[in-house]
Ligand code: HEC
Ligand SMILES: [Cu+2]
């Protein structure tokens, strides 16, 4: 049947969900008159540890509330602009056939509400966003989300569905710079992002926020990209996408490693998880993942399957040029000289610098609170290995580490490359780590670092 001819037989209030969750399937209901009630809130949130940002949101979250409709629904959309807000806003839904995707009909000042309606004609996963001038700025502050238009029969059932949306952010300070960070228009124009994140902030989907799954389950991710500028090379480390609804439309591609999600676009990604462990979702423009925040986790629990993945089955030493492991060329000599002349930082100064170094260098692997990632990166929080031997720990930061180690009773067998840091930075970051997360409070001096470096 032509979608225009589908009659809405009833009326209901739409369930809206904050990410990473999505409302329940529409498979078992008829097309309906669907009332969407969306509130715009401008509010301060955490972009990263110690970094505050004023987000503009649809429904109080970035991305905004997930809207789930089906083909033939008559959507009656009410947009409310909270009286505490400072700016007018509107909404452009890519699922709408009509001028501005509803933008012109939904322009609303603080303390006002407005209602418009549209019929969902095309199934697919669509982005919505604010389109009030300056449009780029409203989007850059977090005003985007996803609306799903399910086909008449609904999407095939799966075990778990999640909502993940990428966005790039532009702040006056560089990545990790502490305090409240205002939006930087020039960086946005230059497309010079400080943060590229999933679900609005660094670490939104790691640690306690990590997505959960069990071995054998089928997972569906509704993935969007709000931009405003960057295209996402969406990839899961350790998993192949069995099916991708390319660009959120009808075309289905199978066995995909990385799917491209345009700014203002989306994709539906489906896969079965085969073995336990941490799957890492990234933008495979990889510096964004490890240096700007575009990293999320799916924690898969359950039984091992050695036929699918057996882990390391043999390991030996390979030293073609007599070196140990990868190390960046560095100007240590110069740094060392400079630092001999300079005075040692106070402990408080080390804590401050150390936190910055940690946030830009170590955090990607050892995680925000030093908790690490099981089977991959050992913890630095309350870590016996660290607390047992400070010189060994300094050596690891200077020279890297490979081979098996045991930290808090769990074994790790991986590689940490040498970190290209000055003595001052190493002293600071080690002091920061030893004085955080229940470690033993050692203060590391530059002299201690120099000794280990010379050894
Ligand atoms: C690219 C990922 C990565 C980065 C970045 C990284 N590490 Fe590691 N780190 C590892 C891995 C992997 C190991 C375990 C190596 C092994 O298995 O032999 C490790 C081990 C360690 C250990 C010893 C084990 C423990 O838990 O105490 C310390 C200390 C450490 N890292 C500190 C740091 C510090 C400080 C930084 C930042 C300056 C840093 N690491 C950056 C991956 C990383
Ligand atoms: Cu807006």
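The backbone N, Cα and C atoms fix where each Cβ goes, glycine too.
As given in TrEMBL:
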- 89, 94, 129, 130, 143, 284: Cu cation 1 binding site (BINDING)
- 138: Cu cation 2 binding site (BINDING)
- 349-437: domain 'Cytochrome c' (DOMAIN)
Here the Cα-Cα span from residue 89 (Cu cation 1 binding site) to residue 138 (Cu cation 2 binding site), rounded to a whole number of angstrom, reaches 8
Euclidean distance between Cα atoms of residue 138 (Cu cation 2 binding site) and residue 94 (Cu cation 1 binding site), Å: 16
According to DSSP, how is the domain 'Cytochrome c' (349-437) divided among helix, strand and coil residues? 45 helix, 16 strand, 28 coil
Indicate whether residue 284 (Cu cation 1 binding site) is helix, strand or coil by DSSP. coil
Integer Å value for the Cα distance linking residue 129 (Cu cation 1 binding site) with the residue listed as 'Cu cation 2 binding site' is 8
The mean pLDDT across the domain 'Cytochrome c' (349-437) is 90
Neighbourhood of ligand 2 - binding-site residues from 94, 129, 284 with Cβ under 6 Å: none
Cβ neighbour count (within 10 Å, all chains shown) around residue 129 (Cu cation 1 binding site): 27
Test of understanding: give the count of other CB atoms lying within 10 angstroms of the CB of residue 284 (Cu cation 1 binding site). 17
In the chain carrying residue 143 (Cu cation 1 binding site), residues 6 or more apart in sequence that have Cβ under 8 angstroms from it: 40, 56, 57, 58, 64, 89, 129, 130
Reduced DSSP state (H/G/I helix, E/B strand, rest coil) at residue 129 (Cu cation 1 binding site) is strand
